[in-house]
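Each remark here refers to the structure printed beneath this line.
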Amino acid sequence: MLPSPSQSLPPGSFAKLAARLRGRDGRRLQLLLVLVFWAVLIAVLAQGMPQLDLRAILQGLRSHDARGIALVLLYTASSYTAAGCYDLLARRHAGSRLGAARTVAINLVAYAASLNIGAVLGGWGLRLRLYTRHGLKPAQVAQIIALAMLANWSGFLLLSGGLLLLAPVWGGAQTLARVGGAMLLLLLLLLFQGAGQRRRSLRLLRHGPQLRLPRFPGRRDALLLAMAATASWLCMACALRILLPADLQFAEVLKLLLISSIAALILRVPGGLGVMEGSFAYLLAGRYAPAGIIAAVLLFRALYHLLPLLLALPLYLTLELQSRPARGHEF
C-alpha cells in the first residue's frame, strides 16, 4: 500500500518548497528553463540552417504587400482599442474620477510598454507612475491593475478552453485536451461566480492571517471585461494570421499565439523577445521553412509591438506634462 501524502511528506514541506522556489532555487530553475528553451530552439533552427540566412528573412519581410500591412495595422488598432477598455471598465470599481480619455490614454501607454519591456515594469509600473501623478491613490491603482489582469486572463481562459474543446488536437491527445478545455472553462465560470460577491477577505487557516481580497466587479462588468479581452486576443491573432503562410488555419494561429504567450510568461524574457519567434519556428518546423516563419513573426512584432510603442512615447510625455501629482502618492 502506498503511503498517503500526509504520511510521506513532513509537516510544512509544501511551505518549505514554496519558499525555496521563491528564493535562489527558484531563480536557478527559471534560468534552467530559459537555457533548455534556447537549446531546443537552436537545435531546431540548426536543422534548417541552410534556409535560415539573412537574405531569406529579408525576402520574407518584403513578400507582404501594402494591403496586407494595412489590414495588420487595422487589426492592431482594433486590438489596442479593445485592450483600452480594461481600465475604462475598472476605474469605476476603483473609485477613480479620472476622465475616460485620460484613463484610456494611460492604459494604451502601459499596454504598449508591457508588450515590449514586460508586465511588471511596463504595465504595472507605468500605471502606478501615471495614475498616481494624476491624483489616484496606490490602492486604487492596484485595484485597476488587478481587474485588468482579470480581464486579460479571462479572455485567455475562454479562448484556450474553447480551442481545446472544439479544435483538432496535435498528437491525437483528444480526451486529455477535452478535459483540459473543460477545466479551463470551469475555472472561468468560477471567476464569474465570484464576481460581485461581497466577501472581501479570506482566511486560509482557522487561526491564520486574514487575506484582503480585491473588490471584483459585478457579473455584468466581469463579462464585459472578458469580452474586451477576447476581442483583443482575436484581433491580435487576425493580424498575425495575415503575415503567416496562407494555408495555416486561424484556429491553429490562435493556438500558437496562446502557447507562445504562456511560454513568455514562464520564461520571463523581457517583452517576450525571441520567445514568440522561437515558439512558432519550433512548432511549425516540420511544415514550413524557419526563415519564413521568423520573418513573419518579426514583422508582426514590428507592427504590433514596436510601432505602437513609438506612438505611445509622445502620449506618455504629454501625460507626464499634464499631471499634477498628489502629495505623498507620486512614484
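Glycine is treated like the rest: Cβ placed from N, Cα and C.
Please treat TrEMBL annotations as automatic predictions, because they have not gone through curation.
The structure displayed is predicted, hence computed values, not measured ones.
Summarising the annotation, TrEMBL assigns transmembrane segment to 29-49, 69-89, 101-124, 144-167, 179-196, 222-244, 256-276, 288-317.
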Proximity verdict for the transmembrane segment (101-124) and the transmembrane segment (288-317), three or more C-beta pairs under 8 Å: yes
Recorded stretch that, among 144-167, 179-196, 222-244, has the most CB pairs under 8 Å to the transmembrane segment (69-89): 222-244
Top partner of the transmembrane segment (179-196) among 144-167, 222-244, 288-317 - counted as Cβ pairs under 8 Å: 144-167
